[in-house]
Ligand SMILES: NC(=O)C1=CN([C@@H]2O[C@H](COP(=O)(O)OP(=O)(O)OC[C@H]3O[C@@H](n4cnc5c(N)ncnc54)[C@H](O)[C@@H]3O)[C@@H](O)[C@H]2O)C=CC1
Ligand SMILES: CC(C)CC(=O)C(=O)O
Ligand SMILES: [Mg+2]
């Protein structure tokens, strides 16, 4: 197959992990006889530096005509000035919105061969296999916001959580369909005891499940309690659907179940057009340019791209199997190593996955 893949390396460790994922995609292309054409474009802080815009028009139009989009990460202290006209993160929010990518799939699975990399005790972590479905183009990251300056020099700022019936319906359907294909359990997470937007979320989610997916085992959990249950009984969850900010926070927390943010990929999907695939982590400025970032989340995001956007299931499985086998062999980047275990660099880890694929 011929496919155009747009790479958006971004900032910090973004270019380092994207380089490894590209290498793995090239290895898969050679193994399965595909022609992947790669085009790199600007997003985030580097795009602000070069064009003044965190999502320049050429980037957006290249993405619109792509078969799949793979993103590293955006942001960093260089662009953190609260008085700046724009921020790197605005580019990421805008591309998600412009491409209509309302459903963000974030799988969290633990494996026997990685259990010792988790900071949590084995008995809590074992058997975890959760698919988070995070709403991605609504909620508090997209509602009206403002900053008011007062005469006495103080300020008032606001960010508003807004959800409409349609936004909840469509993401709950995606989650419910995924649950039907898995263990048939769906949990919706909200803060309906306090937030009006969550009360609408809960009402709509319950109706969609009752009317369209009556066979699912369905429950609702408040987000604060979910933060606890995610650690104390993660293996009891199957598919979890939640709003934009709650999903963002809970999945970073959930990354400690397998042991590192550097392991978790994500797929952002809309009703049509290309999907966008990225690790769940950010630009990790504290480890950028040191050659120690874990590239596996981005490599696994590339596998999700092959599966969901290019319909290449066998190729996606091959990447996932190669990653499993490399980890099973004991290979660890610094984030996963315990004690004085020896560690691989970002590039060495990418190389190990490639050679596993080609043997
Ligand atoms: N999707 C994106 O582009 C995202 C961007 N950000 C941005 O990233 C910047 C840094 O944010 P942080 O809060 O520090 O979150 P972060 O996710 O970049 O890093 C959190 C911690 O995890 C570690 N980490 C992250 N990815 C890793 C990897 N692949 N291998 C090994 N260790 C890894 C980092 O070293 C750090 O200690 C900010 O500007 C933030 O806005 C944050 C989250 C998502
Ligand atoms: C806009 C992003 C920085 C939000 C985020 O942290 C994420 O999508 O994981
Ligand atoms: Mg996040």
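Cβ from N, Cα, C; glycine included.
So that you can see what the record holds, here are the features copied from TrEMBL:
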| type | residues | note |
| --- | --- | --- |
| BINDING | 76-89, 282-294 | NAD(+) binding site |
| BINDING | 96, 106, 134, 224 | substrate binding site |
| BINDING | 224, 248, 252 | Mg(2+) binding site |
| DOMAIN | 4-353 | domain 'Isopropylmalate dehydrogenase-like' |
| SITE | 141 | site 'Important for catalysis' |
| SITE | 191 | site 'Important for catalysis' |
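Overlay of TrEMBL annotations on the structure.
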residue: 76; record: NAD(+) binding site; Cβ within 10 Å: 21
residue: 84; record: NAD(+) binding site; Cβ within 10 Å: 11
residue: 88; record: NAD(+) binding site; Cβ within 10 Å: 28
residue: 96; record: substrate binding site; Cβ within 10 Å: 20
residue: 134; record: substrate binding site; Cβ within 10 Å: 28
residue: 191; record: site 'Important for catalysis'; Cβ within 10 Å: 20
residue: 224; record: substrate binding site; Cβ within 10 Å: 12
residue: 248; record: Mg(2+) binding site; Cβ within 10 Å: 19
residue: 288; record: NAD(+) binding site; Cβ within 10 Å: 18
residue: 292; record: NAD(+) binding site; Cβ within 10 Å: 19
What is the total of other Cβ atoms whose distance to the Cβ of residue 80 (NAD(+) binding site) is within 10 Å? 12
On the 0 to 100 scale, where does the mean pLDDT of the domain 'Isopropylmalate dehydrogenase-like' (4-353) fall? 97
Taking 88, 106, 248 as the binding-site residues, the residues having C-beta under 6 A from ligand 3 are 248
Out of these recorded positions, 106, 141, 252, 284, which one has the fewest other C-beta atoms within 10 Å of its own C-beta? 252
Can you list which of the recorded positions 76, 191, 248, 284 have their Cβ under 6 Å from some atom of ligand 1? 76, 284
Measure from the CA atom of residue 84 (NAD(+) binding site) to the CA atom of residue 134 (substrate binding site) and give the result in Å, rounded to a whole number. 29
Using Cα positions only, nearest of the recorded positions to residue 106 (substrate binding site) (80, 88, 141, 288): 141
Out of 76, 106, 191, 248, 292, which recorded positions have CB atoms lying under 6 Å from ligand 2? 248
What does DSSP call residue 284 (NAD(+) binding site) in the simple three-state scheme? coil
Residue 88 (NAD(+) binding site) falls, by three-state DSSP, under helix
For residue 80 (NAD(+) binding site), which of the recorded positions 96, 141, 252 has the nearest Cα in space? 141
Using the recorded Mg(2+) site (224, 248, 252) as reference, state which further residues of the same chain have their Cβ within 8 Å of the centre of those residues' Cβ atoms, listed in sequence order. 223, 227, 245, 246, 247, 249, 250, 251, 253
Cα distance (Å, whole number) from residue 141 (site 'Important for catalysis') to residue 88 (NAD(+) binding site): 14
Taking Cα atoms as reference points, rank the recorded positions 76, 96, 141, 224, 288 by distance from residue 248 (Mg(2+) binding site) and give the first. 141
Of the recorded positions 96, 141, 191, 224, 252, which one has its Cα closest to the Cα of residue 84 (NAD(+) binding site)? 141
